[in-house]
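*Asks:* One structure follows; several queries about it will come next.
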C-alpha cells in the first residue's frame, strides 16, 4: 500500500513542526508495513517570496492529485501589509474552496498527563474527548448580500439543503465509527429561521441513523456547557459561525493550542493541519510544539485512509512521551524541564 501525501510546510514554525510529523509518519509506515510518497511544495509567504504568489498552480494541482495534504502554518508579520486578496489567509481560503473542503473537524482531547495544564478543574476536564464538525463553506461568512456603508453594515446567513445534509451525514458516520456516539447539533433555532432549517435537515438525516442519539442545543447554552461539563459531548455538528467560536472554546480546554490538530474534509480531498498559527516569534528556534501536527497525521489515518490502528499508535506514542515528562515550553509547568521540537519528536518516534 502506497499513500501519496503533499507536504506544504508554509511559514514560521510550519517547516519545523511538519518535519516532526513526517518523522512520525515514516515511523508508523515502517511499523505497519506500508509506503509513503511525500512531495513538498511552497505555500503562503514562503511561496510569495519565491514565486510572487501565495498559491501557485503547481501546488494546487499537486494537492488535487494526492491522497492527503499536510499543512504546517501560514502567514507572518512580513506579509501583513499586502492587499487582502494577496495575503496568506486568502490563499488558505482558496485552497479550501478549490479542493471542495466543506467540513472542518476539530477534536477536543485532554491527555491524562496534561490535565493540570487546563485552566479548568481536573475533575471537570479529565476524560474529555469529543469532535467538533464545523460546516466550512456556507453560512454567514459566504452569504450574499454583504457590505457596509456609513450608516449600517449587513451580512447574510444562508444554507442550502445539500450543505447541511452532507455535514450532518459526515458527523453521523463518524459517530457510528465511535460506537454510535451521541451527536449534539448546535444551532439558534429559537430566533433564526436558518437555524430552524438547519435543525429540520439534521433530523431528516438522523432518520438514516436511528441507533445514534441526537440532541439539539442552542449555541449560547452550548458555549456554557462546553466549559461546565465538556465530558457530556461526544460529537458536535454545527454551522460555520457557531463552529468557529465553539471549536476555539473547546480547544482551550486542553491547555494549549500547540496540542490541537484539525482536518478539513471534502468529497474527494482532505487537508490536515495544526490549529496554531505560524508563531514567527519562535520560528527557527527549535521551540515549537510538534504535537498538533503529529496528531494531524493521526487524523489523516483515521479519516482519509481508514486506518484507526495507525492513528491509535500515534496517539499512544504522544501520550507515552507526555507521561514520561517531555514538555515543550507551551505546556511546561513552572520548574519543569523544557524539550525542544526535535526532542519531543524523537520521544514520540521512540514510542511508535
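These residue numbers are counts, starting from 1, taken along the chain as shown.
Placed from the backbone N, Cα and C atoms, the Cβ positions cover glycine too.
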*Asks:* If Swiss-Prot gives 96, 134, 220 as binding substrate, which of 106, 146 does it give for that site as well?
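*Replies:* Looking through 106, 146, the residue Swiss-Prot assigns to the substrate site is 106.
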*Asks:* Would you work out the biggest C-alpha to C-alpha distance among 96, 106, 134, 220, the residues that bind substrate according to the record, and give it in angstrom as a whole number?
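*Replies:* With 96, 106, 134, 220 as the binding residues for substrate, the largest Cα distance is 28 Å.
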*Asks:* Distance between residue 279 (NAD(+) binding site) and residue 248 (Mg(2+) binding site) at the Cα atoms, whole Å?
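*Replies:* Spelling it out, the Cα of residue 279 (NAD(+) binding site) and the Cα of residue 248 (Mg(2+) binding site) are 17 Å apart.
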*Asks:* Out of 96, 106, 134, which of these binding-site residues is nearest residue 287 (NAD(+) binding site) by C-alpha distance?
*Replies:* 106
*Asks:* Which residues of the same chain, at least 6 positions away in sequence, have a Cβ lying under 8 Å from the Cβ of residue 188 (site 'Important for catalysis')?
*Replies:* 195, 218, 219, 220, 242
*Asks:* Give the number of CB atoms, excluding that of residue 279 (NAD(+) binding site) itself, located within 10 Å of its CB.
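*Replies:* Around the Cβ of residue 279 (NAD(+) binding site), 22 other Cβ atoms lie within 10 Å.
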*Asks:* Near residue 106 (substrate binding site), which recorded positions out of 76, 80, 88, 141, 248, 283 have their CA within 10 Å?
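*Replies:* Cα within 10 Å of residue 106 (substrate binding site): 248.
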